[in-house]
Ligand SMILES: CSC[C@H]1O[C@H](OP(=O)(O)O)[C@H](O)[C@@H]1O
């Protein structure tokens, strides 16, 4: 598969660069104001990175992980510790700050642990803080490259499931904006199938309240020439009932070993409806999104500001669509039980039922 991965890596020139490392700063495409305005923000400190993740200037499980990884490097850039032991203390503080930004996407914690453990390993041989920082920078860049390779492999596995003329239903944005690489997870099969000559189109629900579908998925798919139809979230049932959907492909923020999938709010609705209408429902995620330790009850489902539901984003900024005083409950993820999942597509292959056994097999695959 490797030669094909290299060929596709050369062929796929993403229009968007959501995350760019500049050696002493991170340049992030501000996703809070797309598609109305293309604005980049510079993150030069750990706090800058924490704010960008918390405020969703950058979002999407893999993109959050990659951004946090570079945030750990910036911890040694913004103020150079006096020695490598002080550097470890600085990195522990940075991990603490970044781990508090958003609770559901496991990629954040996976990336922070990987970077900190790498730092511990490097301090045993690094003769200076600069050597430690250079080693950490290499690790963050490696995470980015591994993520892109994983998406290409997921895309190849997923593209095999797509026929010429198929329509894919998605949710939220699990595209190149959500992973930072420009290819995405749920969108990777769509881009690669199209590259391989299959005419694939997409139905993208707007994905209230943050509108990742209407503002981000529509934007990136159309930029990449994919035929896209936007629908209201409440229309997913009817498009399935009318057989307008051949397959559902969604991303994930956290997948448990028993096959429970945490993803954007509304994913459960699509999964249950797809199961009812006999439509294949696939989840796409790199193995860095698989949480091998938690049970369903251990996972915190993020709740965000009530104003995300009370308002809608427009080119002029957010406008209220209801009474400002109304009470709001705003969970931004849900959890889909494994019975509603046809398969989980990772860079190591596709796990089908029994998911609990086959996910472990994929993780143990060398
Ligand atoms: C590549 S999957 C990304 C995943 O993250 C999104 O959530 P958010 O926009 O709140 O970060 C959504 O759940 C996507 O499926």
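Including glycine, each Cβ sits where the backbone N, Cα and C put it.
Note: residue 102 (substrate binding site) has non-local neighbours 53, 54, 64, 108, 302, i.e. same-chain residues 6+ apart with C-beta under 8 A of its own C-beta. If you look up TrEMBL, you'll see 59, 60, 61, 102, 212, 263, 264 marked as substrate binding site.
Taken from TrEMBL, the feature site 'Transition state stabilizer' applies to 172. Classification of residue 172 (site 'Transition state stabilizer') by DSSP places it in coil, neither helical nor stranded. Sequence-distant neighbours of residue 172 (site 'Transition state stabilizer'): residues of the same chain at least 6 apart with a C-beta under 8 Å from its C-beta are 178, 207, 212, 213, 217, 250, 251, 263, 264, 266, 267.
Residue 253 (active site, proton donor) falls within neither a helix nor a strand when secondary structure is assigned with DSSP, and so counts as coil. Residues annotated as active site, proton donor in TrEMBL: 253.
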Just report the maximum Cα pair distance in Å for the recorded substrate binders 59, 60, 61, 102, 212, 263, 264, no decimals.
17
Just counting, how many other CB atoms are there within 10 A of the CB of residue 253 (active site, proton donor)?
31
Within 8 Å of the Cβ centre of 59, 60, 61, 102, 212, 263, 264, which other residues of the chain have their Cβ, at the recorded substrate site?
64, 105, 172, 173, 174, 178, 251, 253, 332, 333
Reported as an integer number of Å, what is the Cα distance between residue 253 (active site, proton donor) and residue 59 (substrate binding site)?
11
Set of same-chain residues at least 6 away whose C-beta sits under 8 angstroms from residue 60 (substrate binding site):
105, 173, 174, 177, 178, 179, 180, 251
In DSSP terms, helix, strand or coil for residue 61 (substrate binding site)?
helix
